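*Asks:* Let me begin by handing over the structure; questions about it come next.
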Amino acid sequence: MSQAEIRVAVLGARGRMGTEAVSAVDGAEDMELVARLGRSDSLDLVRESGATHIVDLSVPDATEENVRFAVEHGIHAVVGTTGWDDERLGRLQALLAQHPDTGVLIAPNFALGSVLATAFAAKAARYFESAEIIELHHPDKVDAPSGTAARTAQLMGRARREAGVAPSPDATTQDPDGARGATVEDVHVHAVRLRGLVAHQEVLLGSAGEQLTLRHDSFDRASFMPGVLLGLRTVASRPGLTHGLDGYLDLGL
Ligand SMILES: NC(=O)C1=CN([C@@H]2O[C@H](COP(=O)(O)OP(=O)(O)OC[C@H]3O[C@@H](n4cnc5c(N)ncnc54)[C@H](O)[C@@H]3O)[C@@H](O)[C@H]2O)C=CC1
Ligand SMILES: O=C(O)C1=N[C@H](C(=O)O)C[C@H](O)C1
(Lines of atoms letter the chains of each structure in order from A and count residues from 1; the text may use other names and numbers.)
(Lines give C-alpha, C1' and ligand atoms only; values in the text may rest on other atoms or scores of the structure.)
(Ligands and ions follow the chains in the order given, each with its own letter.)
Protein backbone atom coordinates (compact mmCIF):
# COMPACT_ATOMS: atom_id res chain seq x y z
CA MET A 1 0.00 0.00 0.00
CA SER A 2 1.40 3.42 -0.91
CA GLN A 3 1.86 5.93 1.92
CA ALA A 4 -0.70 8.74 2.21
CA GLU A 5 0.73 12.21 1.54
CA ILE A 6 -1.02 13.55 4.62
CA ARG A 7 0.28 11.62 7.62
CA VAL A 8 -1.23 13.06 10.74
CA ALA A 9 -0.24 13.14 14.40
CA VAL A 10 -3.03 14.32 16.71
CA LEU A 11 -1.89 16.15 19.86
CA GLY A 12 -4.39 16.15 22.69
CA ALA A 13 -5.75 12.95 21.17
CA ARG A 14 -7.64 11.81 24.28
CA GLY A 15 -9.47 15.12 24.82
CA ARG A 16 -13.00 16.06 23.71
CA MET A 17 -11.81 17.51 20.39
CA GLY A 18 -8.84 15.19 19.97
CA THR A 19 -11.03 12.08 20.16
CA GLU A 20 -13.30 13.48 17.47
CA ALA A 21 -10.32 14.48 15.29
CA VAL A 22 -8.75 11.01 15.59
CA SER A 23 -11.99 9.48 14.19
CA ALA A 24 -12.25 12.09 11.43
CA VAL A 25 -8.64 11.60 10.26
CA ASP A 26 -8.97 7.83 10.54
CA GLY A 27 -12.04 7.95 8.32
CA ALA A 28 -10.48 10.20 5.65
CA GLU A 29 -9.32 8.16 2.64
CA ASP A 30 -6.54 10.58 1.72
CA MET A 31 -5.00 10.66 5.23
CA GLU A 32 -3.19 8.32 7.54
CA LEU A 33 -3.34 8.63 11.31
CA VAL A 34 0.24 7.92 12.41
CA ALA A 35 0.31 9.08 16.06
CA ARG A 36 -1.92 10.07 18.97
CA LEU A 37 -0.23 12.06 21.70
CA GLY A 38 -1.45 12.94 25.17
CA ARG A 39 -0.08 15.13 27.95
CA SER A 40 2.72 12.80 29.03
CA ASP A 41 3.95 11.73 25.58
CA SER A 42 7.26 13.00 24.20
CA LEU A 43 7.08 15.16 21.09
CA ASP A 44 9.77 12.90 19.63
CA LEU A 45 6.91 10.51 18.83
CA VAL A 46 5.72 12.99 16.20
CA ARG A 47 9.04 12.86 14.36
CA GLU A 48 9.44 9.10 14.80
CA SER A 49 5.94 8.46 13.40
CA GLY A 50 6.86 10.08 10.08
CA ALA A 51 4.07 12.63 10.44
CA THR A 52 3.85 15.28 7.73
CA HIS A 53 1.16 17.20 9.65
CA ILE A 54 0.07 17.73 13.23
CA VAL A 55 -3.35 18.68 14.51
CA ASP A 56 -2.96 20.45 17.86
CA LEU A 57 -6.02 20.23 20.12
CA SER A 58 -4.27 20.33 23.46
CA VAL A 59 -4.19 23.12 26.06
CA PRO A 60 -3.19 26.81 25.89
CA ASP A 61 -0.07 26.15 28.02
CA ALA A 62 1.28 23.50 25.63
CA THR A 63 0.27 24.62 22.15
CA GLU A 64 3.13 27.03 21.45
CA GLU A 65 5.78 24.43 22.26
CA ASN A 66 3.95 21.79 20.19
CA VAL A 67 3.76 24.04 17.14
CA ARG A 68 7.35 25.22 17.52
CA PHE A 69 8.51 21.57 17.53
CA ALA A 70 6.51 20.85 14.37
CA VAL A 71 7.78 23.90 12.46
CA GLU A 72 11.40 23.22 13.45
CA HIS A 73 10.99 19.74 11.91
CA GLY A 74 9.27 20.96 8.73
CA ILE A 75 5.92 19.47 9.79
CA HIS A 76 2.78 21.45 8.87
CA ALA A 77 0.46 22.36 11.75
CA VAL A 78 -3.30 22.77 12.00
CA VAL A 79 -4.04 24.33 15.37
CA GLY A 80 -7.39 24.62 17.12
CA THR A 81 -6.07 25.19 20.62
CA THR A 82 -6.74 28.60 22.15
CA GLY A 83 -4.21 30.97 23.71
CA TRP A 84 -2.63 32.45 20.58
CA ASP A 85 -2.29 36.11 21.54
CA ASP A 86 -0.36 38.66 19.46
CA GLU A 87 2.89 37.94 21.30
CA ARG A 88 2.74 34.22 20.53
CA LEU A 89 1.69 34.85 16.93
CA GLY A 90 4.64 37.22 16.52
CA ARG A 91 7.10 34.59 17.78
CA LEU A 92 5.55 32.00 15.46
CA GLN A 93 5.84 34.30 12.47
CA ALA A 94 9.52 34.89 13.24
CA LEU A 95 10.09 31.13 13.44
CA LEU A 96 8.23 30.50 10.18
CA ALA A 97 10.46 33.02 8.43
CA GLN A 98 13.29 30.55 9.06
CA HIS A 99 11.20 27.65 7.70
CA PRO A 100 9.63 29.13 4.57
CA ASP A 101 8.22 25.85 3.22
CA THR A 102 6.19 25.04 6.32
CA GLY A 103 2.55 26.02 6.81
CA VAL A 104 0.65 26.72 10.03
CA LEU A 105 -3.08 27.35 10.38
CA ILE A 106 -4.20 28.87 13.68
CA ALA A 107 -7.98 28.45 13.62
CA PRO A 108 -9.91 29.94 16.56
CA ASN A 109 -12.95 28.03 15.28
CA PHE A 110 -13.23 25.24 12.69
CA ALA A 111 -17.04 25.38 12.31
CA LEU A 112 -18.04 26.95 8.99
CA GLY A 113 -21.04 28.74 10.52
CA SER A 114 -18.87 30.31 13.19
CA VAL A 115 -16.27 31.42 10.64
CA LEU A 116 -19.05 33.06 8.60
CA ALA A 117 -20.62 34.68 11.69
CA THR A 118 -17.29 36.22 12.66
CA ALA A 119 -16.76 37.53 9.11
CA PHE A 120 -20.29 39.00 9.03
CA ALA A 121 -19.75 40.59 12.46
CA ALA A 122 -16.49 42.21 11.36
CA LYS A 123 -18.22 43.53 8.25
CA ALA A 124 -21.26 44.88 10.15
CA ALA A 125 -19.47 46.30 13.21
CA ARG A 126 -18.79 49.77 11.79
CA TYR A 127 -22.44 50.45 10.99
CA PHE A 128 -23.80 50.26 14.59
CA GLU A 129 -23.38 52.51 17.59
CA SER A 130 -23.07 49.66 20.10
CA ALA A 131 -21.41 46.25 19.79
CA GLU A 132 -21.11 43.47 22.39
CA ILE A 133 -20.38 39.72 22.37
CA ILE A 134 -21.81 36.94 24.51
CA GLU A 135 -20.05 33.58 24.29
CA LEU A 136 -21.57 30.51 25.93
CA HIS A 137 -19.71 27.24 26.54
CA HIS A 138 -19.65 24.01 28.53
CA PRO A 139 -18.31 24.44 32.08
CA ASP A 140 -15.20 22.27 31.50
CA LYS A 141 -13.63 24.93 29.29
CA VAL A 142 -10.45 26.29 30.92
CA ASP A 143 -10.17 29.68 29.20
CA ALA A 144 -12.36 32.77 29.05
CA PRO A 145 -13.18 34.59 26.95
CA SER A 146 -13.23 31.96 24.23
CA GLY A 147 -10.67 32.19 21.43
CA THR A 148 -13.51 32.74 18.98
CA ALA A 149 -14.93 35.65 20.99
CA ALA A 150 -11.50 37.23 21.41
CA ARG A 151 -10.83 36.99 17.66
CA THR A 152 -14.31 38.26 16.78
CA ALA A 153 -13.90 41.24 19.13
CA GLN A 154 -10.45 41.95 17.71
CA LEU A 155 -11.72 42.03 14.11
CA MET A 156 -14.83 44.07 15.05
CA GLY A 157 -12.84 46.54 17.15
CA ARG A 158 -10.26 46.97 14.41
CA ALA A 159 -12.96 47.58 11.76
CA ARG A 160 -14.72 50.14 13.97
CA ARG A 161 -11.46 51.98 14.71
CA GLU A 162 -10.43 52.07 11.04
CA ALA A 163 -13.87 53.49 10.16
CA GLY A 164 -13.54 56.14 12.88
CA VAL A 165 -16.44 54.74 14.95
CA ALA A 166 -16.36 55.69 18.65
CA PRO A 167 -16.37 52.96 21.34
CA SER A 168 -19.88 51.78 22.30
CA PRO A 169 -21.56 54.36 24.56
CA ASP A 170 -21.54 53.22 28.18
CA ALA A 171 -22.46 55.38 31.17
CA THR A 172 -21.33 52.76 33.72
CA THR A 173 -19.25 54.24 36.52
CA GLN A 174 -20.05 51.67 39.25
CA ASP A 175 -19.17 48.05 38.44
CA PRO A 176 -17.36 46.56 41.44
CA ASP A 177 -18.00 42.95 40.33
CA GLY A 178 -17.07 43.27 36.67
CA ALA A 179 -20.63 42.84 35.42
CA ARG A 180 -19.76 44.58 32.15
CA GLY A 181 -17.46 41.70 31.24
CA ALA A 182 -14.03 41.76 29.60
CA THR A 183 -13.06 44.45 27.10
CA VAL A 184 -11.24 43.32 23.96
CA GLU A 185 -10.39 46.10 21.50
CA ASP A 186 -13.14 48.27 23.05
CA VAL A 187 -15.75 45.51 22.57
CA HIS A 188 -17.33 44.07 25.74
CA VAL A 189 -17.25 40.26 25.89
CA HIS A 190 -19.39 38.25 28.33
CA ALA A 191 -18.67 34.58 29.06
CA VAL A 192 -21.36 32.10 30.19
CA ARG A 193 -20.44 28.59 31.41
CA LEU A 194 -23.39 26.21 31.60
CA ARG A 195 -23.77 22.42 31.78
CA GLY A 196 -25.43 21.13 28.61
CA LEU A 197 -23.84 23.68 26.28
CA VAL A 198 -21.13 22.93 23.71
CA ALA A 199 -20.01 26.18 21.97
CA HIS A 200 -22.22 29.16 21.16
CA GLN A 201 -21.78 32.86 20.42
CA GLU A 202 -23.99 35.90 19.96
CA VAL A 203 -22.81 39.19 18.52
CA LEU A 204 -25.18 42.03 19.42
CA LEU A 205 -25.13 45.18 17.31
CA GLY A 206 -27.40 48.07 18.22
CA SER A 207 -28.34 51.52 17.01
CA ALA A 208 -31.32 53.73 17.82
CA GLY A 209 -34.47 51.65 17.39
CA GLU A 210 -32.88 48.49 15.95
CA GLN A 211 -30.73 45.46 16.76
CA LEU A 212 -28.87 42.93 14.63
CA THR A 213 -28.05 39.63 16.35
CA LEU A 214 -25.61 37.17 14.78
CA ARG A 215 -25.82 33.83 16.58
CA HIS A 216 -23.95 30.60 15.95
CA ASP A 217 -24.40 27.29 17.78
CA SER A 218 -22.20 24.21 17.73
CA PHE A 219 -24.45 21.53 19.22
CA ASP A 220 -21.91 18.76 18.59
CA ARG A 221 -18.12 18.66 18.07
CA ALA A 222 -18.82 16.98 14.72
CA SER A 223 -19.39 20.57 13.52
CA PHE A 224 -15.65 21.25 13.76
CA MET A 225 -14.41 18.25 11.76
CA PRO A 226 -14.95 19.40 8.15
CA GLY A 227 -12.83 22.45 9.03
CA VAL A 228 -10.10 20.31 10.58
CA LEU A 229 -9.94 18.15 7.42
CA LEU A 230 -9.99 21.22 5.15
CA GLY A 231 -7.11 22.64 7.17
CA LEU A 232 -5.11 19.43 6.81
CA ARG A 233 -5.73 19.27 3.05
CA THR A 234 -4.74 22.92 2.50
CA VAL A 235 -2.01 23.87 4.96
CA ALA A 236 0.96 22.43 3.01
CA SER A 237 0.07 24.54 -0.02
CA ARG A 238 -0.08 27.71 2.14
CA PRO A 239 3.39 28.16 3.65
CA GLY A 240 3.69 30.68 6.48
CA LEU A 241 1.03 31.65 9.00
CA THR A 242 -2.70 31.71 8.28
CA HIS A 243 -4.84 33.05 11.15
CA GLY A 244 -8.44 31.88 10.78
CA LEU A 245 -9.99 29.24 8.55
CA ASP A 246 -11.48 32.08 6.47
CA GLY A 247 -7.95 32.38 5.01
CA TYR A 248 -8.63 29.10 3.16
CA LEU A 249 -12.16 30.01 2.07
CA ASP A 250 -13.37 32.37 -0.62
CA LEU A 251 -15.94 34.26 1.45
CA GLY A 252 -15.99 37.22 -0.94
CA LEU A 253 -16.62 39.66 1.92
N1 LIG B 1 -10.73 25.70 16.95
C2 LIG B 1 -11.86 25.05 17.26
O3 LIG B 1 -12.79 24.93 16.43
C4 LIG B 1 -12.00 24.45 18.61
C5 LIG B 1 -11.04 24.64 19.53
N6 LIG B 1 -11.14 24.10 20.77
C7 LIG B 1 -10.00 24.29 21.63
O8 LIG B 1 -9.23 23.10 21.60
C9 LIG B 1 -8.58 22.92 22.85
C10 LIG B 1 -8.94 21.55 23.41
O11 LIG B 1 -10.31 21.53 23.73
P12 LIG B 1 -10.99 20.23 24.39
O13 LIG B 1 -10.75 19.05 23.52
O14 LIG B 1 -12.37 20.61 24.73
O15 LIG B 1 -10.13 20.09 25.74
P16 LIG B 1 -9.82 18.76 26.57
O17 LIG B 1 -9.38 19.22 27.92
O18 LIG B 1 -10.94 17.80 26.45
O19 LIG B 1 -8.56 18.13 25.79
C20 LIG B 1 -7.25 18.59 25.87
C21 LIG B 1 -6.35 17.38 25.89
O22 LIG B 1 -5.00 17.78 25.72
C23 LIG B 1 -4.19 16.99 26.57
N24 LIG B 1 -2.90 17.64 26.78
C25 LIG B 1 -2.50 18.45 27.79
N26 LIG B 1 -1.23 18.84 27.60
C27 LIG B 1 -0.83 18.26 26.44
C28 LIG B 1 0.39 18.28 25.72
N29 LIG B 1 1.47 18.95 26.16
N30 LIG B 1 0.47 17.59 24.55
C31 LIG B 1 -0.60 16.88 24.10
N32 LIG B 1 -1.77 16.81 24.76
C33 LIG B 1 -1.88 17.51 25.90
C34 LIG B 1 -5.05 16.83 27.83
O35 LIG B 1 -4.59 15.75 28.63
C36 LIG B 1 -6.41 16.60 27.23
O37 LIG B 1 -6.63 15.23 26.95
C38 LIG B 1 -9.01 24.09 23.73
O39 LIG B 1 -8.07 25.12 23.66
C40 LIG B 1 -10.32 24.54 23.08
O41 LIG B 1 -10.62 25.88 23.34
C42 LIG B 1 -12.21 23.35 21.13
C43 LIG B 1 -13.25 23.16 20.26
C44 LIG B 1 -13.24 23.70 18.92
O1 LIG C 1 -13.31 25.00 24.34
C2 LIG C 1 -14.21 24.88 23.47
O3 LIG C 1 -15.14 24.09 23.58
C4 LIG C 1 -14.13 25.74 22.29
N5 LIG C 1 -13.07 26.45 22.10
C6 LIG C 1 -12.84 27.35 21.03
C7 LIG C 1 -12.84 28.78 21.51
O8 LIG C 1 -12.36 29.05 22.63
O9 LIG C 1 -13.31 29.66 20.78
C10 LIG C 1 -13.76 27.11 19.86
C11 LIG C 1 -15.18 26.79 20.26
O12 LIG C 1 -15.75 27.94 20.79
C13 LIG C 1 -15.21 25.67 21.28
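Any Cβ shown, glycine's included, is placed from N, Cα and C.
Annotations for this protein, taken from TrEMBL, read as follows:
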- H137: active site, proton donor/acceptor (ACT_SITE)
- K141: active site, proton donor (ACT_SITE)
- G12, A13, R14, G15, R16, M17, G80, T81, T82, A107, P108, N109, F110: NAD(+) binding site (BINDING)
- R39: NADP(+) binding site (BINDING)
- H138, G147, T148: (S)-2,3,4,5-tetrahydrodipicolinate binding site (BINDING)
- 6-110: domain 'Dihydrodipicolinate reductase N-terminal' (DOMAIN)
- 114-240: domain 'Dihydrodipicolinate reductase C-terminal' (DOMAIN)
- 144-180: region 'Disordered' (REGION)
*Asks:* For the region 'Disordered' (144-180), what are the same-chain contacts with Cβ under 8 Å, counting residues 6+ beyond its ends?
*Replies:* 82-84, 108-109, 114, 117-118, 121-123, 125-126, 129-133, 135, 137, 186-189, 191, 193, 199, 201, 203, 244
*Asks:* Out of G12, R14, R16, G80, F110, which binding-site residues lie by ligand 2, with a C-beta less than 6 Å from some atom of it?
*Replies:* none
*Asks:* What residues, ordered by sequence, lie under 8 A Cβ-to-Cβ from T148 ((S)-2,3,4,5-tetrahydrodipicolinate binding site) and sit at least six positions away in the same chain?
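*Replies:* The answer is P108, N109, S114, T118, E135, A199, Q201.
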*Asks:* May I ask which of the recorded positions R39, G80, F110, H137, H138, T148 have a CB within less than 6 Å of any atom of ligand 1, listed in sequence order?
*Replies:* R39, G80, F110
*Asks:* What's the CA to CA span in angstrom from the residue listed as 'active site, proton donor/acceptor' over to R16 (NAD(+) binding site)?
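*Replies:* Rounded to a whole number, the Cα-Cα distance is 13 Å.
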*Asks:* Considering only the recorded positions R39, H138, K141, G147, which residue has the minimal Cα-Cα separation from F110 (NAD(+) binding site)?
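*Replies:* Comparing Cα positions, the closest of these recorded positions turns out to be G147.
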*Asks:* What subset of the recorded positions H138, K141, G147 lies within 10 angstroms of R14 (NAD(+) binding site), using C-alpha positions?
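*Replies:* So far as Cα distances go, none of the recorded positions lies within 10 Å of R14 (NAD(+) binding site).
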*Asks:* Any same-chain residues 6+ apart from H138 ((S)-2,3,4,5-tetrahydrodipicolinate binding site) with CB under 8 Å of its CB? Would you list them in sequence order, or say none?
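*Replies:* Sequence-distant Cβ neighbours: R193, L194, R195, G196, L197, V198, A199.
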